[in-house]
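S.K.: My questions will all concern the structure given below.
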Amino acid sequence: MVFGRESRFVDLHRSTWVEIDLNAIAYNINTIKNKMPNHTKVIAVVKADGYGHGSIPVAKKALDSGAEALAVALLEEALELRDAGITAPILVLGWVPPASAIIAAEQNITLTFFQQEWIQQVNTYSFTKPLKLHLKLDSGMGRIGIRTEEELHAILYALNKNSSIYLTGVYTHFATADEPESTYFDVQKKRFERGLSLLQDNWNGNLDIHIGNSASAIRLPEGMYNYIRFGIAMYGLYPSKAVKEQGDIELKQAFSLHSQLVHVKQIQAGDSISYGCTYTAKKEEWIGTIPIGYGDGWLRKMQGFSILINGKRMPIVGRICMDQTMVRLDRAYPVETKVTFIGHQNDAFIPMDEVSEYAETINYEIPCVINKRIPRIYKGL
């Protein structure tokens, strides 16, 4: 029996699993908090099931490790945290249908808003509990958020129509905080500062102000206001090479992916492996079969990538199937020999960045696409 993705005991019926080191997450949070000014608090971002790490265990560990609040993308994600008994402040970063504002208020979940029409519709509802809102300013990301002074005045006017609705925060998101050149970052920061000044001139009350994401918090910890949103770096992954090189901060990767050999066979010169016969042996070889495939999120593009067996790199051969992957071995190994796709094995290490570079994507994507068919086992609960 092992701890499953929601901190429950589950049976592990397959020979493939993800290990999540919650102590690494605690270390990363403490490391970033030590770098920030004392007045700056941490919002732990646990959207997309905690970037594939498991939102509930990660949220609980983050809060135990000094995070003061949580952020998700969807109201459903916030409600899942509430159902798990988490009472800390939760901010929904994405758009929520106006009719769902009543549920958010009842569950003490803060919503993001940025449309006059949205607040006008919400104003027509009766609330038994206060609805807390954060205003999103689009300083240059081009996704969601208000962009003009006219929009701001219209929204503030509409906010005064319902005594149960409270503006408690304001924020923006940077498009290039992870890049070494800071010109556009500076443009966005100045736009936000102008918008914030206008807001403070026309609105009384304390506000949670957050512009810092992982990249800007690591590279430019000063001037991040009273909150930062700590996302990818909390999981021990750097937003970019530039951030890693310039940030002067050591993070610990929390995610590792393992499996076992379930079949080992010898093939002869001329024998082919997998669909399309894209790999043909040139000599006598040992081939191992591993129970993981693109149906689990291990991408077909990873054909040719080298994984760890007995602490040594060995190449994936043939096309990756939906449920199985084949590897060329340096010798015969017993069935149930451990295989590592991401993470540590003996003294060897496959970092997430190496996997994402091979797959021609970003490190954010890899743990998110390793899906729930693969159970999560937690260290440090």
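Glycine too: its Cβ is placed from the backbone N, Cα and C atoms.
Copied straight from TrEMBL:
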- Lys47: N6-(pyridoxal phosphate)lysine (MOD_RES)
- Lys47: active site, proton acceptor (ACT_SITE)
- Arg143, Met322: substrate binding site (BINDING)
- 254-379: domain 'Alanine racemase C-terminal' (DOMAIN)
- Tyr275: active site, proton acceptor (ACT_SITE)
S.K.: Return only the integer: C-alpha distance in Å from Tyr275 (active site, proton acceptor) to the residue listed as 'N6-(pyridoxal phosphate)lysine'.
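M.R.: The Cα atom of Tyr275 (active site, proton acceptor) is 36 Å away from the Cα atom of the residue listed as 'N6-(pyridoxal phosphate)lysine'.
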S.K.: Ten-angstrom check, please: count other Cβ atoms within 10 Å of the Cβ of Met322 (substrate binding site), all chains counted.
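M.R.: The answer is 11.
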S.K.: When the domain 'Alanine racemase C-terminal' (254-379) is classified with DSSP, how many of its residues are helical, how many are strand and how many are coil?
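M.R.: Summed by class, the stretch gives 21 helix, 50 strand, 55 coil.
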S.K.: Fill in the CA-CA distance, Arg143 (substrate binding site) to Lys47 (N6-(pyridoxal phosphate)lysine), as an integer in Å.
M.R.: 17
S.K.: By Cβ count within 10 Å, point out the most packed of the recorded positions listed: Lys47, Arg143.
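M.R.: Of the recorded positions Lys47, Arg143, the highest Cβ count within 10 Å belongs to Lys47.
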S.K.: With every protein chain in view, what's the tally of Cβ atoms within 10 Å of the Cβ of Tyr275 (active site, proton acceptor), excluding that atom itself?
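M.R.: I count 11 other Cβ atoms within 10 Å of it.
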S.K.: From the Cα of Lys47 (N6-(pyridoxal phosphate)lysine) across to the Cα of Met322 (substrate binding site), what is the distance in angstrom?
M.R.: 26
S.K.: Mean pLDDT over the domain 'Alanine racemase C-terminal' (254-379): what is the value?
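M.R.: Taking every residue in the domain 'Alanine racemase C-terminal' (254-379) and averaging pLDDT yields 98.
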